[in-house]
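If you check TrEMBL, you get these features:
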- 20-53: transmembrane segment (TRANSMEM)
- 65-87: transmembrane segment (TRANSMEM)
- 99-117: transmembrane segment (TRANSMEM)
- 126-147: transmembrane segment (TRANSMEM)
- 159-178: transmembrane segment (TRANSMEM)
- 190-211: transmembrane segment (TRANSMEM)
- 202-363: domain 'O-antigen ligase-related' (DOMAIN)
- 217-238: transmembrane segment (TRANSMEM)
- 250-266: transmembrane segment (TRANSMEM)
- 351-375: transmembrane segment (TRANSMEM)
- 387-404: transmembrane segment (TRANSMEM)
- 410-427: transmembrane segment (TRANSMEM)
Amino acid sequence: MPHTNLFMINAWLNRRAETLGLVGLYLFALFAWLGTTPATLGLVLLTLGWAFARPNGRALVHDPVGILALLFGGFVLGHSLIMAALAPSGTSPQKMLTAGLDWLKLLLLIPIAHWCAGQPQRVRRLLLLAALGLTLAVLRKIDWAQFGPEFFSNRFESYLPAIAFGLVSGLGALGFVALRQAFWAGCGSWWRLCQILWLLWLAFMLEGLVLSQSRGAWLAFLGGLGALALSTWQASGWNGLGWLRRHPRQVLLIGVLVVGGLALQHETFLKRFTKHTDTLVQIARGESVTSDPIGLRFKAWLFALERWQERPWFGWGAGSSRTLIAQSGRPQDLFDYDHWLPHLHSTYAELLVQFGLVGSILFGSWLLALVWAGYRAHQSGRLPPDLGSFYLAALICILIWCLFNYRAVHVDWLFIWLLLAGSLYGFKST
């Protein structure tokens with residue numbers, strides 16, 4: 001009898017933990033770019049639910065992704081404590097510890113993976129909720145009283161910086177293209193109406209990407225779109241013409257959006273891509289570089305190389321780049337109008353400067369293990385082709401974007417990482 005009661009209590013706790021975890025998961029997805037406070041609450045709930053569900057720790061430490069996640073987390077924690085204790089004058093140990101804790105939040109992909117559980121429909125639902133949240137955030141941000149033609153010629157940031165808004169919008173567009181069949185199939189007899197909704201929603205995401213006026217986000221999107229096209233071509237047996245004949249309507253819809261968007265916004269593209277070309281010529285010739293946006297990035301990368309060479313193995317500590325820039329005494333290189341550059345304008349440069357070669361290799365190995373786990377899930381059939389294509393496109397898009405930007409310790413990039421990496425990791429063992 002006691003054993004029966006214990007079993008019933010255990011089953012009741014598991015059901016409550018699952019309810020708590022799934023509520024938190026959906027709350028996080030919907031508010032990831034709609035409201036930081038409810039999204040954070042969602043993370044707290046799903047993490048508590050995961051803890052109450054008593055996860056299998058033994059399985060985690062026998063999984064390469066789990067092992068490398070714990071190794072990277074342990075490295076960041078120990079590294080931040082040591083660097084904070086040895087911090088020179090002018091450096092805030094508290095800020096260094098806070099920056100280290102921000103990096104540790106990347107490990108929250110583990111409870112998210114637990115609740116995604118490798119269920120394709122659940123993952124697609126999460127991605128759709130995230131797209132809905134972003135859409136509502138943009139609509140809420142627009143000043144409808146002043147809305148007019150001039151809106152489409154100005155930079156728009158929603159509640160995110162332009163570079164982050166461009167990345168999220170680009171990922172949303174890639175998702176709508178990659179997951180179009182699942183989106184349409186979920187509408188049943190309303191599939192024609194769903195195709196119109198899909199077309200409008202895709203156009204909305206593409207317009208957001210354009211209005212961000214972020215060249216880095218544009219290049220990243222093109223890279224992701226190329227990866228998506230190659231993935232689709234490979235899935236068709238490398239018979240591109242055959243796929244075009246089988247899906248003429250899809251090709252027409254996407255072609256109209258792309259060509260129409262380029263035609264309507266060609267002035268924006270020309271303005272952004274032809275601006276600062278003189279600086280690129282200066283860089284190519286090895287001449288003195290102007291301190292415009294491109295020149296400042298180039299100088300920041302050179303500065304990062306110098307600082308990394310001084311401490312190549314373990315770097316300068318979490319969040320150290322801002323202090324290093326401010327104490328550089330090089331306003332002609334690292335001062336942007338009225339303030340010092342806040343970071344090195346490259347995620348890869350930040351990893352090397354903050355954590356050195358050791359930390360960068362650990363993080364890179366963790367990412368590679370995650371990609372390999374996704375590939376194995378795809379090969380075994382656990383990861384459906386449409387989601388596999390989306391993850392590949394998103395990976396290429398983010399890798400390119402990270403070359404020009406750094407947002408890893410900010411909630412916008414953190415939420416992208418948790419949503420994509422966490423849901424992908426959930427396919428590891430289903």
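Every residue number used here counts from 1 along the chain in the order it is shown.
Positions of Cβ are set from backbone N, Cα and C atoms, glycine also.
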Residues of the parent chain within Cβ reach of the transmembrane segment (190-211), under 8 Å, 6 or more residues beyond its termini:
131, 134-135, 138, 152, 154-156, 158, 165-166, 168-170, 172-173, 176-177, 180, 183-184, 217-218, 221, 253, 257, 261, 265, 268-269
So if I exclude everything within five residues of the ends of the transmembrane segment (159-178), which remaining residues of that chain have a CB under 8 angstroms from its CBs? That is, six or more out.
33, 127, 130-131, 134, 137, 141, 198, 201-202, 205-206, 208-209, 212-214, 216-218, 220-221, 224-225, 228, 254, 386-387, 389-390, 393-394, 397-398, 401, 404-405, 407, 410, 412-413, 416, 420
Highest-contact recorded stretch vs the transmembrane segment (410-427), from 99-117, 126-147, 217-238, 351-375, CB pairs under 8 Å:
99-117
In the same chain, who gets a Cβ under 8 Å from the transmembrane segment (126-147) while lying at least 6 residues past its ends?
25-26, 29-35, 116, 156, 158-159, 168-169, 172, 175-176, 179, 183, 201, 204-205, 208, 390, 419, 423
For the transmembrane segment (20-53), distant same-chain residues with Cβ under 8 A (at least six beyond the ends):
13-14, 108, 110-112, 114-116, 125-127, 129-130, 132-134, 136-137, 158-160, 168, 411-412, 415, 418-419
For the transmembrane segment (387-404), could you work out the same-chain residues 6 or more beyond its ends whose Cβ comes under 8 Å from its Cβ atoms?
120, 123-124, 127, 163, 167, 170-171, 174-175, 178-179, 215-217, 219-221, 223-228, 231-232, 235, 297, 345-348, 371, 374, 378, 416, 420, 424
